[in-house]
Amino acid sequence: MLNFRKNISVKVLRTLIIDDEQPVRETLRNLLLRTCPQVNVVGEADSVASGIKAIREKAPELLLLGIRMADGTGFDLLEHYDNIPFRVIFVTAYEEYAIRAFSFSAIDYLLKPVNPEKLVNAVKRAEVISRQAFNMQLEALRDNLENIGNQNKKIILKNQESIFLLNTSDIVHCMSEGSYTAFETSDNQNILVSKNLKEYDTLLSGSGFLRVHRSHLINLKHIKRFDKHDGGNVVMSNGAQIPVSASGRERLLDLFEEISG
């Protein structure tokens with residue numbers, strides 16, 4: 001059982017739980033009490049209206065926020081603030097297709113029923129994220145949820161120096177750099193992030209990307225030509241020449257055949 005409260009002196013994070021399900025609120029409160037010594041739950045609310053009132057009265061630094069409530073959504077609540085003065089962890093029972101929108105935005109969410117370790121990790125990240133970074137993540141999330149069926153998504157990329165908000169259509173190519181992934185964009189940005197290529201292969205599947213080599217993931221919209229000599233190379237819109245493996249060549253040729261009819 002996770003229990004980190006004993007003999008630990010930490011900065012207290014004023015936290016408000018907003019969800020329309022009383023058992024969920026109770027579970028979250030108990031988990032926070034047991035596992036997150038940096039958290040002080042200052043109140044609860046069960047709707048958008050009561051949440052706004054509680055925020056005004058309690059001045060929280062962190063919200064655990066449900067998505068669907070009787071009088072609106074968690075996003076409706078956030079719309080009341082031009083400059084969101086707190087951090088947010090979403091609590092959701094959303095279906096898989098919508099969870100991908102959260103993944104693209106790199107925003108923290110907890111699926112019901114809440115996993116204690118994921119709660120602990122989400123709170124730790126909430127402690128250190130800046131308001132500017134959170135607002136960028138929220139912009140990406142809103143856009144992706146509003147355009148669930150679109151291939152082009154907003155994606156958040158983060159490294160130690162910066163946070164980037166990109167359209168997936170502007171990503172030309174992703175390349176494995178060990179446990180890191182390097183992104184090349186149409187405006188000649190080179191962004192290195194500390195997630196491996198497999199994670200982005202999974203995330204970007206269905207968004208017009210193809211793994212043509214164990215070290216390379218390409219945006220099909222940015223292919224200029226496929227050179228078949230020497231095993232095969234794809235020339236991208238930025239001039240990059242990407243090697244193609246035997247299995248990647250087969251997938252690519254099948255795709256070209258499908259497109260050409």
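Cβ atoms here come from the backbone N, Cα and C positions, even for glycine.
Just so you know, TrEMBL annotations never went through curation; they're auto-generated.
Per TrEMBL, the range carrying the annotation coiled coil out of 47-74, 131-158, 159-186 is 131-158. Note on the domain 'Response regulatory' (14-127): DSSP counts are 52 helix, 30 strand, 32 coil. Broken down by DSSP into helix, strand and coil, the domain 'HTH LytTR-type' (155-258) contains 30 helix, 47 strand, 27 coil. Within the chain, the coiled coil (131-158) has long-range Cβ neighbours (under 8 A, six or more residues past its boundaries) at 75, 78, 83-85, 87-88, 97-98, 100-102, 104-107, 164-169, 171, 183, 191, 193, 203, 206-208.
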